[in-house]
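Feature annotations, reproduced from TrEMBL:
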type    : residues                    : note
BINDING : A:HIS77, A:ASP88, A:HIS178  : Zn(2+) 1 binding site
BINDING : A:ASP88, A:GLU115, A:HIS372 : Zn(2+) 2 binding site
Number of protein chains: 2
Amino acid sequence: MTEIDTEAFLADLYALREIGRFRTGVHRPTFSAADMESRRWLMAKLEECGLEASIDGIGNVLGRHRGPGPHLLVGSHIETQNEAGWLDGALGVVAGLALARAGLPVDVVAFADEEGHFSGGFLGSRSAIGALTEAEIDAARNRTDGTPLRAALETAGLAGLPRMRLDPARYRGFLELHIEQGTQLESAGLHLGVVSGIVAIWQFQIVFAGNQDHAGGTTMAERRDAGLSAVRLLAAIDREFPKVCGPRSTWTTGRITLDPGGYSIIPGRAEVAFQFRDVSIPVLERMEACLEALVRESNRRERCPATLTTLSKAIPAPCDPDLMRALSEAAEQVCPGRWQVMPSGAGHDAQNIARILPAAMLFVPSIGGISHHWAEDTSDADLAFGVRALGAAAARVLVG
Amino acid sequence: MTEIDTEAFLADLYALREIGRFRTGVHRPTFSAADMESRRWLMAKLEECGLEASIDGIGNVLGRHRGPGPHLLVGSHIETQNEAGWLDGALGVVAGLALARAGLPVDVVAFADEEGHFSGGFLGSRSAIGALTEAEIDAARNRTDGTPLRAALETAGLAGLPRMRLDPARYRGFLELHIEQGTQLESAGLHLGVVSGIVAIWQFQIVFAGNQDHAGGTTMAERRDAGLSAVRLLAAIDREFPKVCGPRSTWTTGRITLDPGGYSIIPGRAEVAFQFRDVSIPVLERMEACLEALVRESNRRERCPATLTTLSKAIPAPCDPDLMRALSEAAEQVCPGRWQVMPSGAGHDAQNIARILPAAMLFVPSIGGISHHWAEDTSDADLAFGVRALGAAAARVLVG
């Protein structure tokens with residue numbers, strides 16, 4: 001069994017946590033000063049481990065193994081959500097570094113903007129498989145401050161650099177170690193999760209058009225209250241979705257905006273940010289049909305017409321069976337009986353890489369399931385289980 | 001019958017509309033440059049009509065009749081909501097000016113901040129009846145930009161001026177002409193509304209405490225989605241309030257804020273801005289009891305505890321029967337058979353003045369019921385009916 005230096009691995013993780021530190025988490029939005037510092041830190045570390053480090057025109061950092069193949073690609077992303085956790089993304093990158101340090105013939109990658117600070121999201125992994133156009137780069141803007149992506153690339157010193165394309169012939173596959181971002185493992189007292197597939201997210205905007213009116217002068221019978229129509233639709237979704245969903249489907253209303261938003265003003269417009277997720281296309285299609293039917297019913301019954309706009313419909317990414325088998329055997333070796341197979345409810349770079357390479361993922365538990373928040377954490381012991389199992393799986397794949 | 005110069009009255013209204021004009025409406029937030037310009041404009045007009053004009057330390061403008069009594073107080077407010085209508089408030093003030101021009105022994109008043117740009121609201125009319133403390137002035141801030149009220153008064157040149165107190169012995173009562181801010185008159189084809197009473201507004205904040213989590217990693221069964229708990233409570237209010245309310249009760253959710261508000265984040269906190277209105281205290285108390293019961297039920301059933309905070313509970317203000325009779329007779333004289341008695345769903349300065357003086361209100365129709373919006377409007381014919389009926393009623397009261 002390949003020996004992973006878990007001490008060095010944890011030391012790397014702790015060192016990376018100091019770049020853009022925010023409380024016990026980090027704040028490294030894509031192409032910020034802290035994000036670029038972390039990318040330079042990574043390049044130095046990759047060289048230290050004997051890899052040939054480079055950064056490309058969209059911010060992807062690649063550490064290329066200098067010896068002969070077969071090779072595996074290992075990694076994740078390195079930027080974070082705003083004021084978020086220290087492990088999301090960073091864990092998978094630093095685990096790749098640990099495998100390289102152990103002498104495994106791996107390339108290590110940190111894809112840019114998995115977190116979607118720029119419209120579109122997954123910039124790096126989409127670019128690396130040839131699914132990001134120059135026109136999309138021209139149009140993309142930062143969701144927080146509106147900065148054009150081109151300007152951000154210029155400031156980061158990346159403008160004009162070529163964009164790397166992954167060569168499928170070079171790799172037996174892609175492995176990504178990640179935190180679970182849920183409590184399935186923790187609740188079951190397990191230490192590792194072999195991911196069966198990555199859910200697809202289908203995302204919608206629902207806008208209700210009402211009449212902005214004085215909350216005292218307008219009787220209940222006269223009103224066209226856009227907020228109330230929105231509440232009724234959301235209550236109907238809460239009632240109907242459990243009848244059509246799959247066992248691990250999720251649906252979320254992340255935002256409700258009532259315009260103009262005053263106590264004494266009947267909302268003239270309501271906007272709802274809604275999404276659902278599943279690993280199965282038939283289940284996704286059933287949920288979409290249900291949503292469409294509920295919007296139609298709302299439009300028959302309510303005074304405020306609702307408009308449903310589809311923002312994105314991704315395709316679920318099942319993980320590669322051979323890589324899953326290697327991860328399962330490695331998990332059993334490292335944590336006998338304390339692992340399970342499970343879907344990933346969150347999107348990951350692996351779902352894009354899966355379009356050109358066999359890809360698979362391994363999860364470690366998230367304490368309390370906290371994610372996308374600075375309090376996100378995982379025990380050192382579970383982090384070590386994760387990197388050891390990843391190393392053992394990589395060794396199996398590369399030897400096999 | 002006292003002859004009102006409706007031409008001069010409309011010319012005044014149109015002139016005032018030009019101060020802080022926004023599209024077909026106006027933008028004159030309390031103590032803004034435009035608001036202070038309108039107060040100076042009014043003082044000049046009051047003097048022109050033979051009254052003795054003054055402004056006090058909270059921005060109230062008073063035009064005092066120079067002759068002997070009996071007197072009536074006539075007026076409203078002159079500032080507006082942001083980017084709002086040209087008649088709300090201004091109509092009642094300019095109508096007072098028209099009565100003074102016609103030689104009626106009236107004092108004309110423009111109270112400050114009826115619209116509540118500063119926390120607390122109704123600053124001017126509360127000050128004039130002795131119900132506004134210096135401590136409250138110290139604490140109040142602008143709701144839009146956070147400016148302390150003291151600083152705003154300083155900038156407006158009002159700091160240090162004495163605050164006027166109305167002398168109940170001087171007046172037979174207070175009359176306020178106002179737009180309806182609803183469609184009751186318009187729908188019924190009527191031109192005037194004699195107000196029976198002003199509803200009280202009871203205002204609440206409801207906060208739901210959930211768990212902010214990743215929308216993919218956290219199963220539906222594990223979630224504590226604060227937004228979903230809020231939607232369920234609001235749907236229950238929509239279902240239950242019609243069972244306890246009065247015939248003219250209203251209830252409104254003006255704002256729903258989900259934190260942090262991202263598509264892929266389960267809301268960890270939801271905040272709801274809720275109010276209801278009625279003219280009857282028993283009805284208000286029934287609605288409050290219903291709301292409290294629904295919050296208790298929510299807290300038994302939901303995973304996200306809800307906290308109900310009462311922000312304000314006003315007392316309804318019935319209008320004075322003698323003044324109502326004078327207004328009714330005047331309405332019948334000006335528009336035979338084309339008027340009705342009706343409650344006011346909106347709050348007005350008259351509700352404060354009613355605590356020390358007989359007070360009553362007259363409504364003219366709002367086109368399409370539009371209010372608190374720059375498109376607010378009333379036909380010139382209805383504006384003229386309003387001021388003529390107000391003049392006739394004042395003459396009856398002063399002669400009687």
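The backbone N, Cα and C atoms fix where each Cβ goes, and this holds for glycine too.
Proximity to chain B, taken as a Cβ less than 8 Å from one of its Cβ atoms, holds for A:HIS372 among the binding-site residues A:HIS77, A:ASP88, A:GLU115, A:HIS178, A:HIS372. Within the group of binding-site residues (A:ASP88, A:GLU115), the Cβ with the highest number of other Cβ atoms inside 10 Å belongs to A:ASP88. Proximity of A:HIS372 (Zn(2+) 2 binding site) to non-local residues of its own chain (separation of 6 or more, Cβ distance below 8 Å) is seen for A:GLN81, A:ALA84, A:GLY85, A:ASP88, A:GLN181, given in sequence order.
It is 14 Å from the Cα atom of A:HIS178 (Zn(2+) 1 binding site) to that of A:GLU115 (Zn(2+) 2 binding site). For A:HIS77 (Zn(2+) 1 binding site), the same-chain residues that are 6 or more apart in sequence and have a Cβ closer than 8 Å to its Cβ are A:GLY89, A:GLY92, A:VAL93, A:ALA110, A:PHE111, A:ALA112, A:ASP113, A:GLU114, A:GLU115, A:GLY124, A:SER125, A:ASP349.
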